[in-house]
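Residues annotated as domain 'G-protein coupled receptors family 1 profile' in TrEMBL: 49-314. Under the heading transmembrane segment, TrEMBL lists 36-58, 70-96, 153-171, 191-210, 258-278, 298-317.
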Amino acid sequence: MATTEGYTNVTLSAGGGAGGGGGSGLNITALSITQATLLGICSLMIVISNTFILVILYKVKNCFEDMQQFAFKALAVTDFLTGIFCCGLTIIAIIYGAGQPFSSVMCAIRGAACTGLTNLSALLIACACFDRFIAVIFPLRYFNLVTMKRARIVLLVVCTIAASNGALSLLRGRTVAKNNLCLSDFSSERLAFRPSLVTSLLIFSTTLLLTSISNIKVMLVASGQSKRSANVAPSDITNESDTTQKNAIQTRRGSLKALRVLIVTTIAFFIAIFPWSIVSGSQFSQKTSIATPMARYVSSLLLMSNSWVNALIFATFNKRFRKAAKRVVFRAQLDGESTILEHTLTSDA
């Protein structure tokens, strides 16, 4: 279906007059304004929520375990950039329209950024799940296997993979539509097939499979260990071996608490990306019509909206994050009140 049917269409030409749908001016419709407004709200929420997460995780070091805190910081930065580049450039593409100067360059940057950042989010979630897997399955060897140096190396590797697939999105395969249309052009019926779509869907399906298997395994093991550790009294711990076992049990308990946050984050991400994957997968066929403009817009909006929900997940399922958030907010209020009081006293003097 054509998205311009049934909507008021106003074309602002370069000379300031109104015309009838040429490619020389801004194509402003009621639908495009609505789409841009929703994306603007989404972008604002993404920037605010992830800035809030980064401030809290920076000021309070023990909201999560070290590796989880590191992974969630990286995920927050990724989501923040998603709000800036994906939402921001998509808004510009909707209002600016196709056929304008630099529109193809802007479309290429937007496609590469969105592809890379979305892939990076999936890979970071998979790395965080694998970290919990090692912490629960191999608690005695965890601190030898998982170090900050190795975590930084893994982060560099996944960033390279995501950036490479983002660069691959600049290449186009067979053209389904008559023109090689931009992904942000929600007024078009069909899209050009992109080879990066294959690797993106492969990354999403692989990470979904691995995170599902690891999370189920970790939940089973951690739950069993929690039940057994409940029967061990503190007086039963008499030697160094028992102390080591107690530390391992405590590591598993902490991992189980962190796992709840991670599982909800993982589920929310893949729920958001599932409709987009179906719509994008329809580009493999020239005959399917599921990739309608509205379907592509709704699935893209749902995918980008996932970038602001992590703050709600952390606040709901992690008590230390809630306490840290209250501490940071109240401290900021107290600092502001003390600054005002000092300014008042100085003025009175």
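Think of each number as a place in line: the chain as shown, counted from 1.
The backbone N, Cα and C atoms fix where each Cβ goes, glycine too.
Averaged across the domain 'G-protein coupled receptors family 1 profile' (49-314), pLDDT for the predicted model comes to 79. Long-range neighbours of the transmembrane segment (70-96) within the same chain, counting only residues 6 or more positions beyond its ends whose Cβ lies under 8 Å from a Cβ of the stretch, are 26, 28, 32, 35-36, 39-40, 42-47, 49-51, 53-54, 57-58, 64, 103, 106-107, 109-110, 113-114, 117-118, 120-121, 124-125, 127-128, 131, 148, 151, 155, 182, 184-186, 265, 300, 304, 307-308, 310, 314.
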